[in-house]
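Taken straight from TrEMBL:
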| type | residues | note |
| --- | --- | --- |
| TRANSMEM | 7-27 | transmembrane segment |
| TRANSMEM | 47-67 | transmembrane segment |
| TRANSMEM | 88-107 | transmembrane segment |
| TRANSMEM | 127-149 | transmembrane segment |
| DOMAIN | 130-212 | domain 'CAAX prenyl protease 2/Lysostaphin resistance protein A-like' |
| TRANSMEM | 156-173 | transmembrane segment |
| TRANSMEM | 179-197 | transmembrane segment |
Amino acid sequence: MELLVFFGILVSYWWIVSFWFWGVYLLEIPLPAGLSAFFYKLWLVKNIPRGFLIALLLCSIVLSFYIRRISLREMGIRTDNIWVSGRECLVVIFIILVAASALILIYRQNFSIENYFVKQQETRRELLSDLVLGLISGIAQQFLLQCFFLQRTLKIFRNPATAIFFSSAIFSSLHIPNIRLMIVTFIFGTMCSVLFLRNRNIFTVGITHGLAQQILRIFFASVFVSGSYYNGRGNYEYNLRVGPPKAYPEYLAELKYEGTLPVTTGASAGGILIPVSVTNKSTKMWSSTDGYQLVFASYHFVDQEGQIISEDGPLTPFSKPIGPGDSETVNLMVTAPSKSGNYLAEVDIVHTKSPESKKLTWFKRRGSKTILIPITAP
């Protein structure tokens, strides 16, 4: 029962609160208008229900430990065996380093340390900060896995091997839908559970988790956990995300192409007008003329993998301020690349301080959907 309650709280935190965004907006799951409006309002104030769920989760964990009278020693909160446990954990770290080195050699054409240090622009201080936060996070996650999941599966199955399998499977499932990360966390969770049952020290196992997490970020990102250059803009994406896609209510639009297909540019150097209906799904008023932050429509060309292959197009202003829920059709002057071929024009909304500024915030970077319009240049 405890595992079901705990799992239900986490599912609600990740998936139910944000259902409108990932279910209705992204996947376009049909819902009655009233129900869709309810989930939309829930998502707009998502921090409030999530704060309540976190408080409920913490209270449930504390109450569970109080009722079961689990000792600190059973939870691995101890220092008397830290050297013995630490030596065994170092063996695991060594194995991970060897595996990472082997993957780098196998996929050396895809791997580049610049992906982490240069493109991410990490300083030594930021790297140290990441490491410290990773260690704290590792201890917290291992406390969840060992002191909660494993302790309760041991009560249910009695057999340590079976309990480790099911507790690691539960821990892995919390990383849905990142399949590769689920595989990594299941294997690593199993290893950590074996180490924990041998010596019952949450600190050494947690530190091992934090170090392994940092190794995963630096070494495996471009090879094993599908790191990539985000939209070709030099922003490195580790893809260590868990739960549904994330977005910001302030940056959300719904775009629809209002023209006909196929779109073919003329033989001249001039562009072609692309009519796009834009609906403001955010919580903010949009304006291209008033305010400190201005909003425009724009585009760029991408290849079939979504990588940008052209400079950004000009900013197209809106004719009037657009409030939340309002729509307007804008005509973008699109100029295809000079080389003949088939292209995809990706239309998006842009946030900037001024039309002359080079610092643009593309709504796609904040979770908003774009549209791809196939264009042929003769």
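Any Cβ shown, glycine's included, is placed from N, Cα and C.
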Using DSSP three-state counts, the residues of the domain 'CAAX prenyl protease 2/Lysostaphin resistance protein A-like' (130-212) come to 74 helix, 0 strand, 9 coil
The average per-residue pLDDT within the domain 'CAAX prenyl protease 2/Lysostaphin resistance protein A-like' (130-212) comes out at 91
The answer for the transmembrane segment (47-67), taking Cβ pairs under 8 Å and residues 6+ beyond its ends, is 2, 5-6, 9-10, 12-13, 17, 75, 147-148
